[in-house]
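Undergrad: Right, I'll just put the structure down here and ask away after.
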């Protein structure tokens, strides 16, 4: 019989931490952090940790324990979270896991997921094994890493955007650890994980807010962070990096947190104009992160949950918590508590709400195409358009490319190029241009 586990997911700023606290208070439990930035000791403001006051005397685990110069893998989280969950179960309580690092949660909930299995594969390499002779490429620039990946695994290279440094490096790490093309390993693990099993009897709450409300809310939160010592923390992080005499990698460890890299231009050219520009960049990055989290939930996490629900309805339940209107917060908390009570103690489930049904419908669409065409993983380059850096515009997936081709931006670019070419021909015809 599966032991119970409650999980609260959601985008940044949607109120998932507050919901987890209220559930823990109501049912006398503890909260386990599943945010990859909040595991680090210190830097409470830039990583948006819940304050001591906001915790309301609820014990929070796996938070603020890792030193800034360390990294924390998926298998390490899986191991530590499982240990804490067992400990809470031994006290007769139902653990509540909360966080926005969804690959942590996916690995914890489901056995043999692709991400978890591949991380274990690379972590299990013998310490005495000599490094790969080409592993120095991991410290090179993204274009060099991508060129190397194209040589050893062109299939994998086609799936990553040229500027997705983290994924390109990860693919190379897999190759250097295993000696095999990462696409081959991903394919094998995907076949194995297609039948992934639940580890726990799982109740999953998705705290969400309408984008028109969430985005301004996120902007205000960044402004609030500014008044709570954000700049001092960024200065402290920069000083730590300088004291250790290394250049921070913005794609790894604590250095990934939103705000650090965005404010680097201000240190190089301090002025009010540059500061305000950096602040705006941080707000944009925060909004983009929220969008990517929502996409992950809708297209990956929720479909996996629904697939399991189809197999075993009594083992997993997905429920939404709408935080758009904070005037209805107490009502939403009460709804979540009723769902918790019915699912874990009454052995039943409350009928899905309208928000639940809407989420399920979108997830069903994603579920039907989850293992769809390879063209959705292929890289497409537009020969007409340039991105913000002046590089050829690149997207992943045929559908995304078709959307771009039909966009006003693409059509305008093509029209202007055509008009310029026609103008040059006319000028040549009248002898102005040779």
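Cβ from N, Cα, C; glycine included.
Pulled these from Swiss-Prot:
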- 10, 11, 12, 13, 14, 15, 16, 17: ATP binding site (BINDING)
- 12, 13, 14, 15, 16, 17: substrate binding site (BINDING)
- 35-38: region 'Interaction with substrate tRNA' (REGION)
- 101: site 'Interaction with substrate tRNA' (SITE)
- 166-170: region 'Interaction with substrate tRNA' (REGION)
- 189: site 'Interaction with substrate tRNA' (SITE)
- 211-233: region 'Interaction with isopentenylpyrophosphate transferase' (REGION)
- 281-299: region 'Interaction with substrate tRNA' (REGION)
- 291-298: region 'Interaction with substrate tRNA' (REGION)
- 380-416: zinc finger (ZN_FING)
Undergrad: For the binding-site residues listed here (10, 13, 15), tell me which residue's CB has the most neighbouring CB atoms inside 10 Å.
TA: 10
Undergrad: On the three-state reduction of DSSP, what should I expect for residue 16 (ATP binding site)?
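TA: In three-state terms, residue 16 (ATP binding site) counts as helix.
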Undergrad: According to DSSP, which kind of secondary structure is residue 10 (ATP binding site) found in, if we only use helix, strand and coil?
TA: strand
Undergrad: Sort residue 101 (site 'Interaction with substrate tRNA') into helix, strand or coil using the DSSP assignment.
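TA: Coil, per DSSP.
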Undergrad: When DSSP states are grouped into helix, strand and coil, how many residues of the region 'Interaction with substrate tRNA' (291-298) land in each?
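TA: With helix first, then strand, then coil, the region 'Interaction with substrate tRNA' (291-298) has 8 helix, 0 strand, 0 coil.
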Undergrad: List the residues in the vicinity of the ATP site, defined as same-chain residues other than 10, 11, 12, 13, 14, 15, 16, 17 with C-beta within 8 angstroms of the site's C-beta centre.
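TA: Everything else in range on the chain: 100, 207, 208, 209, 323.
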Undergrad: Taking only the Cα atoms, work out how far residue 13 (ATP binding site) lies from residue 101 (site 'Interaction with substrate tRNA'), in Å, as a whole number.
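TA: Per the Cα atoms, residue 13 (ATP binding site) and residue 101 (site 'Interaction with substrate tRNA') stand 14 Å apart.
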Undergrad: Hey, which bits of the same chain come close to the region 'Interaction with substrate tRNA' (281-299), Cβ under 8 Å, at least six residues off its ends?
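TA: For the region 'Interaction with substrate tRNA' (281-299), the sequence-distant neighbours (Cβ-Cβ under 8 Å, at least 6 residues beyond its ends) are 9-14, 100, 102, 206, 208, 211, 214-215, 218-219, 221-222, 258-259, 262-263, 359, 362-363, 366.
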Undergrad: Count the other Cβ atoms sitting within 10 Å of the Cβ of residue 17 (ATP binding site), across every protein chain shown.
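TA: I count 25 other Cβ atoms within 10 Å of it.
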Undergrad: Among the recorded positions listed here (11, 12, 101), identify the one with the smallest other-Cβ count within 10 Å.
TA: 12
Undergrad: Between residue 16 (ATP binding site) and residue 101 (site 'Interaction with substrate tRNA'), what C-alpha distance do you get in Å?
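TA: Distance between the two Cα atoms comes out at 12 Å.
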Undergrad: For the substrate site (12, 13, 14, 15, 16, 17), what does the 8 A shell look like? I mean other same-chain residues with CB within 8 A of the CB centroid.
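TA: My list of surrounding residues reads 10, 11, 18, 100, 207, 323.
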